[in-house]
Number of protein chains: 4
Amino acid sequence: MSKQAERDRLVDLRRELHRHPEPAWREFYTTARIVEELERIGVDDLYVGPDAIAEDERMAVPDDDELEAWYEQAREEGADEEILQQLAGGYTGAVAVVEQGENPEDGPTVGLRVDIDGLLREESTDDDHEPVAEGFRSEHEGAMHACGHDAHATIGLGVIEAVKNSDFEGTLKVFFQPGEEMIAGGKSMAESDHLADVDYLLAAHVGLDHPTGEVVAGMDGFLAVSHFRAEFEGVPAHAGGRPNEGENAVQAMATAVQNLYAIARHEDGATRVNAGKVGGGTATNIVPEEAFVEGEVRGETTELKDYMKERAERVLESAAEMHGCEVEITTNGEAPSAESDDALVAIVGDVADESEGVEEVIERGELGGSEDATYLMRAVQRNGGKAAYVGVGTDHPGGHHTATFDVDEETLPIGIDVLAGAIAEIAAERP
Amino acid sequence: MSKQAERDRLVDLRRELHRHPEPAWREFYTTARIVEELERIGVDDLYVGPDAIAEDERMAVPDDDELEAWYEQAREEGADEEILQQLAGGYTGAVAVVEQGENPEDGPTVGLRVDIDGLLREESTDDDHEPVAEGFRSEHEGAMHACGHDAHATIGLGVIEAVKNSDFEGTLKVFFQPGEEMIAGGKSMAESDHLADVDYLLAAHVGLDHPTGEVVAGMDGFLAVSHFRAEFEGVPAHAGGRPNEGENAVQAMATAVQNLYAIARHEDGATRVNAGKVGGGTATNIVPEEAFVEGEVRGETTELKDYMKERAERVLESAAEMHGCEVEITTNGEAPSAESDDALVAIVGDVADESEGVEEVIERGELGGSEDATYLMRAVQRNGGKAAYVGVGTDHPGGHHTATFDVDEETLPIGIDVLAGAIAEIAAERP
Amino acid sequence: MSKQAERDRLVDLRRELHRHPEPAWREFYTTARIVEELERIGVDDLYVGPDAIAEDERMAVPDDDELEAWYEQAREEGADEEILQQLAGGYTGAVAVVEQGENPEDGPTVGLRVDIDGLLREESTDDDHEPVAEGFRSEHEGAMHACGHDAHATIGLGVIEAVKNSDFEGTLKVFFQPGEEMIAGGKSMAESDHLADVDYLLAAHVGLDHPTGEVVAGMDGFLAVSHFRAEFEGVPAHAGGRPNEGENAVQAMATAVQNLYAIARHEDGATRVNAGKVGGGTATNIVPEEAFVEGEVRGETTELKDYMKERAERVLESAAEMHGCEVEITTNGEAPSAESDDALVAIVGDVADESEGVEEVIERGELGGSEDATYLMRAVQRNGGKAAYVGVGTDHPGGHHTATFDVDEETLPIGIDVLAGAIAEIAAERP
Amino acid sequence: MSKQAERDRLVDLRRELHRHPEPAWREFYTTARIVEELERIGVDDLYVGPDAIAEDERMAVPDDDELEAWYEQAREEGADEEILQQLAGGYTGAVAVVEQGENPEDGPTVGLRVDIDGLLREESTDDDHEPVAEGFRSEHEGAMHACGHDAHATIGLGVIEAVKNSDFEGTLKVFFQPGEEMIAGGKSMAESDHLADVDYLLAAHVGLDHPTGEVVAGMDGFLAVSHFRAEFEGVPAHAGGRPNEGENAVQAMATAVQNLYAIARHEDGATRVNAGKVGGGTATNIVPEEAFVEGEVRGETTELKDYMKERAERVLESAAEMHGCEVEITTNGEAPSAESDDALVAIVGDVADESEGVEEVIERGELGGSEDATYLMRAVQRNGGKAAYVGVGTDHPGGHHTATFDVDEETLPIGIDVLAGAIAEIAAERP
C-alpha cells in the first residue's frame, strides 16, 4: 500500500472512532472495531474483554441499564455481533500479541499501552471545528473524543502493522485499555497476567500542549490519585414533628466535608483533596436519610496519596458514626505516581531525533495531572522491567477535554514511526 | 334537588378534581372548574387569578416552562379557555362573594378559606385504593390529591349553595386558596384587599387522624415556618492543579449546614431547623463552583420562627463570605403561627353538636404542623376580627401525603352542614 | 431559752458558717461545726463523712492537693480534729437521725434535706453589703456563701431542735448534703442506705426571688442536667516541619463543639447543650496534643437529658476517632428532674398559712434551673414515698450567685417553723 | 591577651548570659551586659533600646506587669541602672558601630546580626548536663538559653574585637537583636534606619544538627511565617435559662478552627496552618463570652504565607460574624522567607576552609524552619545589597529547644574567626 493510502486508512479509522466516542466500560463499538482491525492485520494472540483484564479490578463500572444502552447502540451501529458478545457486561478492551522475527523467544517482550475511551461531554457544533467541517463529529450526543484517544487506538493499530514490517525480533504486546478518563481501567489491565513477562513498556499520549513535530521522550509528574464515592445512609424523620428520630445523613456529609479539607498537610510533598460533588436529602421538611460525597485525594507520590486516602476514610467513617449513619465508601478510580526510566527515554529521544516529521525532541516533560498508565508502568518496573511515557505533540485547537479539541492527523504517522522505531531499537539495545 | 342528588353532585365534582391534582400556582384546571361552578351557582362578586391575591406576594412560583406545561395540560383537558386566560402566568385561585339577606350590609362579613392544590407524589395503583376501584385515580402522573384539598374545594362550593339557601344575613366570602402544600399561597391571599373587611374567618381541614363523625371545633398548634433556598456561588478551579484559585461553594455549604443545626435553642419555646436538601459541585476534580441548601426553620410562635430565620441568614451569609462565595437566599414559603378564638370555637362546637352525622365534638385539637391559613387568620385577628380553624373528621385509609390517602365522601355533606351552620350562627350571634 | 436568745444563736451560727464558705467535698469546717452542734443538741444516730453517703457515687471530687489545702485550712481555723479525721479524703456531709415520741416505730420516717456548700466566687467588699458591715464577710478569699446554704444548714439544725420539742411521733432524718452547687453530691447521698426507709421527704431553699414572708409550698421545673468533661489526647508534632505526624486534639475538640450544639432538637420538650469551657494546645507551632471541653446537657425531663447525653457522647467519641485521638469523658455532676407531690404540697401550704411571719403562700413555683435534691426526691418517690421542694422567701439584695447576695436572717425562724410544723403535720396526717 | 585568656573570657561571658536567659523584650540583664562589654571594648557609635529599633514595629510585647517583673529581676541581679533605664518599657537590644581603617568611608558597610533572647522553658537538672556540672544553669526558673543565643551574643562581641584588630577597612555594624524566638524582634530592627546603608549582611546560628568543626556557608529554606492571636468576644448568657441571648464565642472559635485547617492547598508550594493554642468560656453553664486562637500560618515563600494569612483572616472574621461576635486579630510575630546570596556564600566558604578548627565546609544547607533574620536579609537585598545566613556547627547533646541543649564552647572562637574573616574578605573583595 502506498504511504498516502496507508495514511488515508489511518485517518479513516481515526475518524470512524471519533464518530463513536464511548466512556469507561462502554467502549463496545470501539473495541469491536479494534478487534476487527486486529483480525484483518493478523496477530498471534488476541485477548478480548474479560480475557484482557483482571476481571475483579475494574472500577467505576456503570449499572446494567447503562451498559445495556451503550451495548445496544453499538449493535445498532453495526458492531460485529460475535465480538460484542465477548464484551457483554462491560468487559471492553483488548490485548494483541505479535511474535516477530525468526526466534521471537530470544528477543524481549515489549509492551505498548494505548487508551481507547471517550468523554461524557458535548462536542462543538461550530462550522470551523474540523470534525464538523469534515463530517466526523460525534454521533453520540453528550459524548466526545476530547482527549485524542481515537488517535491513540489508531496509532496502536498502526504500530502493530509497522512492527510486523520491521526487523524487530521479540514479542510485542499492545494494550488497548478502556476507562482511562475515569482512571478506572488501568489497574485491571495492570493486574492481568499479560503484564507479567513484559520487559519494556511504552505508553503514549498526543497533544498535552505540545505542537505537531514535538516529541517528549519521557513524561513524569503524574500525581497519584484516588477517586472515591461515599454514601451515607441515616434514618429519615419529620423535621418539624420528630427531629430526634432522624439520623441525619446531610449532617454527616457536612461534617465530613469540613474535615476532609482539613486533613493535615504532609512534610514529604504536595497533597490534594476535593469534595467535588455532593448531595443529600429529599425535601425541606424531612431529616435527610441519604447523602453522598464524590471526591478525590492526590499526592505527589503514591505514599502521599495513600496517606490522604487513609485519613479521608477515617474522616468519612467517623462522620457517619457521629451522626448515627452507615457509610459505604467506593474507590471509583485510582492511579499511582510513576516515573519514566532514563534508559528508555534515551532510546525514544534518539529514535525521535531521526524520525520524519519530528522537529524538536524534549527529553523530559511534566504531566502535572493523573493517568492510570502508571499502574502498567509500575507493574513492569516492579518486575525489574523498564517503562517510559511518551508525549507526541499535535496541534490541538481547543484544550484537552474542551468542546473544540481535535488532533492534527499528521500526528498519526509520526506517532507510529517514533513508537515502532523505539520498539525495534529497544529490542536491539536491550538497555 | 333531592338530598341524594345533591350528594351525588358533590361526589362527582370531588372526583373530577381528584382526577386532576395540580400543585402550587399550577391549579389551572382546578381553578377553572371552581369558577365554572361559581358561575353556575351565581355569586355577587367573583375575583379570579391576579384579582384574587396580592400579586407580589406569591412564593415558590415555578419557572415559565413549568407553568406553561401545566397550563397546556389544563387546556387539553378541556378547561374553559376564557377563564384559563385570566390565570396565565400562574395566577390561580379565586375569591367568591355572596351578599345575602334583605340588608346584607347590616350583617357581618364572614370568610371561609379552603385550599385547592395537590401534591407532587404518585398515587397508589392498588386495586383496593378507592380512586382506583372507582375509576377516579389521578390522571396526572406524579401528582395526587393526597391531603384532601379536592374535598376542601368541593365543601367550599357546597357551603356557598347552603348559605344561599339559609337565613344568613350578611356577606360571605369564600377564599379558594392555591399553594398551601408549599405554604406558598396563603400570604398572597392574606395581603389582598379581600380580607380587609372580614369580621369572622373559618378555615377547615378534613381528616388529620380524626374519623368520620368527629369534628374538632378549634385547631391550634400551628408551628410558624419559613422555607428557604440558599444558592452559593464561588469560583471553580482544577482541584489538582490550582486548588488555591477556587472559591469553594461546597465548603461554604458544609460550614453553613454545620452551623444551621447549631443555632442556639430558645428559652421561649420549641424551634426547629432542617437542611432538608443539599447539593453542590460538578465533578470529582473541580473545586465546586456552586452549591445549595433547601431548608426550613420553625418556631412555636412567629417570633421564634423569626429568631431562627434571622440566625439562619446570618449563618448562610457568613459561611459564604468565609469561602469567598456569593449567596442568594430566597424565601420559598412561609406561615406564621395562629390560634383559634374561643368565641368562634364555641359556636362551631355548638353547631356541630346539632349537625347530622356528627358523633363527637372535640373542643380543641393540635395540628402540630404548619398551615398557611394562619396568614389569613392573623390578618383578620389583627383587624379586630375573630378566626377559627375547624377539623372535619374523615376515615382515611392511608396517612396524609401517602399514596393511599383518600377521604370518606360522607364527610362532604357533614363539612358543609357544620360550616354553613356555623356561618349562619356567627351572623346571628356576632360574638 | 428565750425566743430572742434562740434567734440570736441561729444568727450567730449562720454568720459563722458564712465566714467559712467551702465548695464541694471541701466542706470540712462546715461539716465539723454541724456535727459539733448535733452533738450538743443530741441526736439518736449520727452518720458522718463516708458513713453518710454512697462513697463511690461522689462526682467532681477535687485532687488530693486541693482537698489537703482546704482540710488544713479548716484545721487551722479550729475545726474539731477528731471530726475532721472522719472527713479526710473529701468525705464531707452528715446525716442526723432523731427518734421521737413514745413509739417512734409507729410513726413515719420523715426526711429533710439541706445543702451546705459554698461557691468559688469573691464576696463583695462594699460597706453596705451586710456581711461587710456586720463583720462576717467570707474569710476564705475567692469563696462565698452566695446562695444561702449557710442559712440552709442553720435551718436544718433548727428544725431538729424544734422537732425534738414538738409532739412529732416518728423518725426524723436530716441530710446535710455537700456539693449541691456542682450537682456533685446529691447522687451519693441518694444512693446511701439512709433514704431507703424515708416515707416523706422535704427539701428547702431560701430566696429564689421570693421576698421574706412568702413561702412556695411546692417547687417544680427542675431541668435534668449532666455536666461532663471530655479530655482529648492526640499526638504532638512540629506544625511547620511534620504536620502529618500529629493527631490534632484541637481539631477533634472543634469538630465536637460544632456538632454538640447541632444535636437534633427533641419532640418531647426543651433540651439544652453548652460547651461552656474549652481549651487545648500549648504553642503556636505545635500540633496540639491535648484539648478539653467542659460542658453540660439538660432536658425538661430526665429522659430528654439522657437523650442529649447519649448523643453528646457519640459526638465526642466520633470526633476523637476522626482525628486519631483518645477521649476520656467524665460525668462531673448530674441531677434528674423531679416533681413535688400534691399531698405534701397541700400540707406545707396549710402549715405555712398558719405560721408566724408568713404573709403569702404560693402553691406552686418553677425553679427553672437544676438542683440535685431531685436525686433524693426521686429515690423516695421510687420507693412509694412522697416528696416536696419548699421555697422559703427571703429579701436578698443581690441575685443568687452574685457578690452581693445575702439573706434576711428573719427567714431563719420562719423556715424552721414552717418545716418543723409541716413535718409534724405529715406525721399526723400520713397523706 | 593570650589566646587562652581570650577564650576564657568568652566562655565566662557566655556562661554569665546562660545563667540569665530572658525572653522577648525582657532581655534587660542581657542587653545591659552587652552594652557594658561594648563600652569596655569601645565602639564608635552605640544605639541602645528605642534607638536601636523602629519602635512601632515590635510584636508580641508583653504587658506592663510582666515587663516590670523582669526589669526588677535584672536590677536585683546587678544590671547597670543607667543602662537599664534606657530599656524601660521593653526596649531591649542594641546596635554597635565600628568605623575601621584609615578611610572607613571608602570601605563598605558590613552588618552582622546576632540574636540574644532565651526561651520560656525549664532547663535540665541532670548532673551530666554541662551547665549543671559546671554551675552555670539558668538562674531564672522556667527560662533557658536552649537555642544558643548566649553563644550568639558572645560571638557578636568577639567579632567586634577581632575586626578592630584586623585590617578591615570600612564600617561594621553589629545588630544584637531581641525577640527572635517569638519572631517578634526582627521586623523592628529591619525597619530601623540602621539597615539603610548596610551593603553586606551576615547572620549566624550555631548548631542546627551540625557538629563542631562544620560550617554551612549559606543557609536557605526559611519558611515565611506569621503568628496570630484572634480574640473573639460575644455575649454571655445562662446556658439553661436563656441560651438564645448568648452570642457564643466558643462556637465562633470552633468554626474558625475547622475552617483554618481547611484553607485550600496552593499550587505554588508548601503551606502550613496551625491553631496551636485555643481556649474559651468560663463555666459549664454559661454561654461562652470569650474565646481565642493562637496560631500560625507558613509558606515556602512570603507570597504563600501571605495567601494563607489573608485566607485565615477571612475565616476568623466570618466565623465571628456568623456567631454574632467581635474578633480582634493581632500579628504576634512574623518573618518572610529569604535566600543567601551566592557571592557571600562563596566568600564565607573560602574563609571557613582556611579557618582553624573547621574540618568541613558545606556550601548550602536548609533551615526548614522560620527565623526573623530574614527581615534584615531582605531589607539589605531590597537596597541592592547582599546577605548570607551562616551555620556554625557545634556539638549539642540535646536538640534545639530541649532541656538538655548546650553548646560546645569550642565553637565560640571558630565562629568569631570565620565571621570576622569573612567580614574582612567581603570588604576586600566587594563582591
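Backbone N, Cα and C atoms are what each Cβ position is placed from, and that goes for glycine too.
All annotation found in TrEMBL is predicted automatically rather than curated by experts.
These features come from TrEMBL:
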{"type": "BINDING", "residues": "D:Cys147, D:His149, D:Glu181, D:His205, D:His401", "note": "Mn(2+) binding site"}
{"type": "DOMAIN", "residues": "D:228-320", "note": "domain 'Peptidase M20 dimerisation'"}
For the domain 'Peptidase M20 dimerisation' (D:228-320), the mean pLDDT of the predicted model:
95
Using the structure shown, find which entry in D:His149, D:His205, D:His401 (the binding-site residues) has the sparsest Cβ neighbourhood within 10 Å.
D:His401
What number of additional C-beta atoms lies within 10 angstroms of the C-beta atom of D:Glu181 (Mn(2+) binding site)?
21
From the DSSP assignment alone, can you count helix, strand and coil residues within the domain 'Peptidase M20 dimerisation' (D:228-320)?
34 helix, 35 strand, 24 coil
Around the Mn(2+) site formed by D:Cys147, D:His149, D:Glu181, D:His205, D:His401, which additional residues qualify by having Cβ within 8 Å of the site's Cβ center?
D:Asp115, D:Asp117, D:Leu119, D:His145, D:Ala146, D:Gly148, D:Glu180, D:His400
When you measure from the Cβ of D:Cys147 (Mn(2+) binding site), how many other Cβ atoms are you left with inside 10 Å?
27
